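One structure below.
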Amino acid sequence: MNENTQKLNLKREIGLVSAVSLIAGTMIGSGIFMSPQWVLYHIGSPGGSLVIWAACGLLAMLGSLSYAELGTVIKESGGEYIYILRTSGPLPAFLLAFTSMLVVRPASIAGIALSFAEYAVAPFYQGCPPPELVVKFVAAACILLLAIANCLNVRGSMSIQVFFMAAKLISLVVIIIGGVVMLINGHTSSFQNAFQGTIVGINPIGMAFYQGLWSYDGWNNLNYVTEELKRPEVNLPRAVMIAIPLVTVLYLLVNISYLAVMTPTELMSSSAVAVTWGNKVLGSWSWLMSVAAALSSFGSLNGTFFSGGRLCYVAAREGHMPDILSMAHVQRLTPSPALIFSTAISLLVLIPGNFKSIVNFFSFTAWFFYAITLSGLLYLKLKKRHLPESYEVPVVIPIIVIISAVFLVLAPIIDDPGIEYLYVSLFILSGVMFYIPFIHFKLCPNFLTKATVFLQLFLEVAPTEKNTD
């Protein structure tokens, strides 16, 4: 049956506007509404926190420019996975897919969904924290809703992304304007002796970067959907150069607005910074900030979900995951099995998860693989010739990002060793136990083949080919 089935492609339906929305719309999410107090808590001063936010934006920009070069040389979807596979071999690529699909991506989705839920239910529980069960139920409902939307249609998913991108830009502009008004009225106490109390140390700086970079997560999202991007050699670097400077400037201005309205102590003690800002500036209209933050998180979650499903899909297409995950719906041309799998794992991670632990775990593992990915770029630069139409960055840029990635991986371990980092490392290495029998020796239980045939008929999906048009 498989031999006579015409294979499918995922179509190139993402233009420049959608590409910018996918990057910026994913980056601008829960982080800017929840991370500012944690960045300030770890670094200790308003001036120090603004430096961290600017440095995070610069690092994201340098990383995305390096990824743009990789994306124009290796024109395949899958992000870090496909780049590591092509430059470092199948085992490290499998370990990335294993870790990302089972923990990193689901943890990111669960963290953003929890942020959405906290802001969505906040107006109904004024003066007291909402019940944890209610928050997690709303977060689960959000994940399921976006799973359905992404399984139905690619254009529909991108329309959601563009719409919510516009909504969150309006929200941030409102916050910025409110801050400007407060500054004009003389609310500048937070900026007097702005660097007083700055905590200097490997661990506090590293943890502050973790929290800040959570808000920039998504800078590499476009590389996961390269095969669905129109003219990737042009639109990939162009979208990066538009989206990330825009987000960085917005983040700095929003943080200045927060500090203009709240004292550092008030900001650090707030459980929902945007809501506290709204209470002080908008008065009876403060509920609009809860709505804006919820919409922003929803749009960010959609982008994370969209790209995360492609990682699972590409890994299966390369033989590192069950075949069913590499198939697409015969009519809708969406990788629905991979999206369904990502949804199931995300819901499981949601049960015990909490925001801060998810951020730290995600940052530690993500930057470990970023360093490996960019080491592959250096290999390509030194050993191989690029294609004539490929986009290139100076070699110093990936070197800076690699050094930064190594610092972010080692900083929390050197200054304050924790047993959880050992658990993370052991979990990554545990993927070898699955790789050797199932990937290297290709031991495939018979029931898996039967399950694939059943699911292929039930889900109405068929095998796919790479989009090389």
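Any Cβ shown, glycine's included, is placed from N, Cα and C.
Unlike curated records, TrEMBL annotations are generated automatically.
Residues annotated as transmembrane segment in TrEMBL: 14-38 (among others).
Feature annotation from TrEMBL assigns transmembrane segment to 50-70 (among others).
The transmembrane segment feature in TrEMBL is assigned to 91-113 (among others).
According to TrEMBL, the feature transmembrane segment maps to 133-152 (among others).
Annotation source TrEMBL lists transmembrane segment at 164-184 (among others).
Same-chain residues lying 6+ beyond the ends of the transmembrane segment (190-210) with a Cβ under 8 Å from its Cβ atoms: 38-39, 42-50, 52, 55-56, 259-260, 262-264, 359-360, 363-364, 407-408, 411-412, 414-416. Annotation source TrEMBL lists transmembrane segment at 190-210 (among others).
Feature annotation from TrEMBL assigns transmembrane segment to 239-261 (among others).
Annotation source TrEMBL lists transmembrane segment at 287-316 (among others). Long-range contacts of the transmembrane segment (287-316) within the same chain: residues 21-23, 25-30, 32-33, 76-79, 81-82, 93-94, 97, 100-101, 105, 108-109, 112-113, 115-116, 119-120, 122-123, 142-143, 146-147, 149-150, 157, 160-161, 163-165, 167-168, 170-171, 174-175, 217-218, 221, 224-225, 228, 272, 274-275, 277-278, 322-326, 328, 335, 338-339, 341-342, each at least 6 residues beyond the stretch ends and with a Cβ under 8 Å from a Cβ of the stretch.
Note on the transmembrane segment (337-355): residues 34, 101-103, 105-107, 109-111, 113-115, 136, 139-140, 143-144, 147, 150-151, 305, 308-310, 312-313, 316, 324-327, 455, 459, 461 of its chain, located 6 or more positions outside it, place their CB under 8 angstroms from a CB of the stretch. What TrEMBL lists as transmembrane segment is 337-355 (among others).
Sequence-remote contacts of a segment are chain residues at least 6 beyond its ends whose Cβ falls under 8 Å from one of its Cβ atoms, and for the transmembrane segment (361-380) they are 63, 66-67, 69-70, 73, 80, 83-84, 86-88, 92, 96, 99-100, 103-104, 107-108, 111, 209-210, 213-214, 217, 386, 395, 398-399, 401-402, 405-406, 408-409, 412, 420-421, 424, 428. According to TrEMBL, the feature transmembrane segment maps to 361-380 (among others).
The annotation transmembrane segment is assigned in TrEMBL to 392-414 (among others).
The transmembrane segment annotation in TrEMBL covers 420-441 (among others).
Counting residues 6+ beyond its ends, the transmembrane segment (392-414) has Cβ neighbours under 8 Å at 59, 62-63, 65-66, 68-69, 202-203, 205-207, 209-210, 213, 360, 363-364, 367-368, 370-371, 374-375, 377-378, 381, 386, 421 in the same chain. Remote same-chain residues near the transmembrane segment (91-113) are listed as 29-30, 80-82, 84-85, 139-140, 142-143, 214, 217, 297, 300-301, 304-305, 308, 311-312, 315, 318, 320-321, 341-342, 345-346, 348-350, 353, 355, 358-359, 361-362, 365-366, 369, 372, 427-429, 431-432, 434-435, 439 (criterion: CB distance under 8 Å, separation of at least six residues from the stretch ends).
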